[in-house]
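Student: Annotations for this protein, taken from TrEMBL, read as follows:
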ACT_SITE  HIS257  active site
ACT_SITE  ASP308  active site
Amino acid sequence: MTATRGLEGVVATTSSVSSIIDDVLTYRGYSIDDLADFATFEEVVYLLWNEKLPNEQELAQLKKELAAASAVSDDLLNHLKSLPLKNVHPMAILRTAVSMLGMYDAEAEDMTKEGNMRKAIRLQAQMSTVVTAFARIRDGKDPVAPRTDLSFAANFLYMLTGEEPKEVAVEAFNKALVLHADHELNASTFTARVAVATLSDMYSGVTAAISALKGPLHGGANEQVMKMLSEIKEEDQVESYLQKALEQKQKIMGFGHRVYKNGDPRAKHLREMSKQLTKMTGEEKWYNMSVKLAELLGKEKGLLPNVDFYSASVYHSLDIPHDIFTPIFAVSRVSGWIAHILEQYDNNRLIRPRADYTGPAMQKYIPVTER
Ligand SMILES: CC(=O)SCCNC(=O)CCNC(=O)[C@H](O)C(C)(C)COP(=O)(O)OP(=O)(O)OC[C@H]1O[C@@H](n2cnc3c(N)ncnc32)[C@H](O)[C@@H]1OP(=O)(O)O
Ligand SMILES: O=C([O-])CC(=O)C(=O)O
């Protein structure tokens with residue numbers, strides 16, 4: 001038996017949810033470029049879960065169900081208020097809150113197809129409510145209840161700020177949600193599939209996935225990108241920052257990818273959004289610094305921006321707190337996790353690979369008094 005480090009290149013399952021073939025990303029066979037340009041996030045959720053784009057009626061029904069499911073119980077909000085919110089990362093709060101949502105869901109252990117679809121709606125709707133409620137509670141503000149007349153993207157921004165967002169912000173946020181919704185067998189999706197392949201419930205799968213997304217080598221990179229840009233401060237500091245970081249063998253957050261070696265097809269959409277939004281806010285320096293960093297790192301190391309790089313300046317321009325960037329990734333990606341969880345249940349087999357043992361061979365047991 002030989003191990004493949006990080007399972008690189010290992011094909012671990014079949015899937016019809018999304019594909020990356022020759023650097024082209026599709027959800028259920030639809031190009032990410034078309035979806036980013038034309039689709040609402042709700043259409044993408046429907047597509048991922050139902051293997052087809054919805055007609056008007058189906059879309060209206062999904063929106064109605066999401067809106068009806070989006071409020072969370074006062075008990076859960078009171079739990080959130082009792083947590084040490086100032087010192088804990090929002091992804092840790094989200095991980096705990098999703099686990100709690102499972103405890104408040106009377107159907108948590110219902111493994112029927114219908115029960116799982118109802119839970120899917122609740123999870124998709126309520127993660128937005130939890131993330132925005134948390135972001136307000138820690139600032140001493142009351143949570144804002146979701147509205148039933150707003151789109152998914154608009155509702156998130158509304159619950160975060162308490163104000164109805166501008167159309168341009170909703171459009172940008174919707175596109176960001178579409179771009180993050182699914183990505184083949186990335187680390188968090190694989191984690192979700194491993195958890196539910198034991199026939200554990202959907203909340204357990206999503207809680208496990210959130211844990212995997214949290215790390216800076218995966219979803220946590222978007223927050224780290226903004227931290228890096230804030231440290232660099234000015235465009236004329238980019239080159240010296242980069243040289244020093246590379247000399248110290250630091251990883252530059254938001255660059256590189258396990259699968260894409262010629263660039264992440266989502267990055268160009270986020271780059272364009274970053275350009276437009278930073279122009280609007282008058283803070284073009286974030287876009288200019290990002291472009292310069294990307295040019296230099298491309299030349300120096302052949303490393304290209306991934307989905308997390310330009311999303312940082314996009315979310316910053318939408319006035320979103322930096323530590324909420326990764327929870328937003330989860331709010332979108334839960335749609336993909338759910339699609340994969342449903343696919344796993346449909347054709348399940350326990351996921352249990354082997355390890356190539358490298359420890360000592362057959363040691364003789366010595367009683368504790370003789371050691
Ligand atoms: C949504 C997402 O999850 S997208 C990814 C988000 N993560 C990041 O942006 C974090 C920064 N990027 C990385 O750490 C990596 O590129 C990963 C984790 C995304 C992919 O990693 P892998 O395919 O395992 O590549 P690995 O980490 O082995 O790197 C290969 C080589 O490229 C270098 N490298 C890869 N990415 C970077 C980077 N961002 N900055 C500097 N060097 C890098 C490594 O140091 C390594 O060099 P070496 O061979 O001289 O030791
Ligand atoms: O696929 C990956 O390894 C990481 C990624 O880009 C994602 O999850 O969107």
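For all residues, glycine too, the Cβ spot is worked out from N, Cα and C.
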Student: Around HIS257 (active site), how many other C-beta atoms are within 10 angstroms of its C-beta?
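Tutor: Other Cβ atoms within 10 Å of HIS257 (active site): 19.
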Student: For HIS257 (active site), just give me the three-state DSSP call.
Tutor: coil
Student: Run through the Cβ atoms and count how many others sit within 10 Å of the one on ASP308 (active site).
Tutor: 29
Student: Between HIS257 (active site) and ASP308 (active site), what is the CA-CA distance rounded to a whole number of Å?
Tutor: 11
Student: Using DSSP, would you call ASP308 (active site) helix, strand or coil?
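Tutor: The three-state answer is helix.
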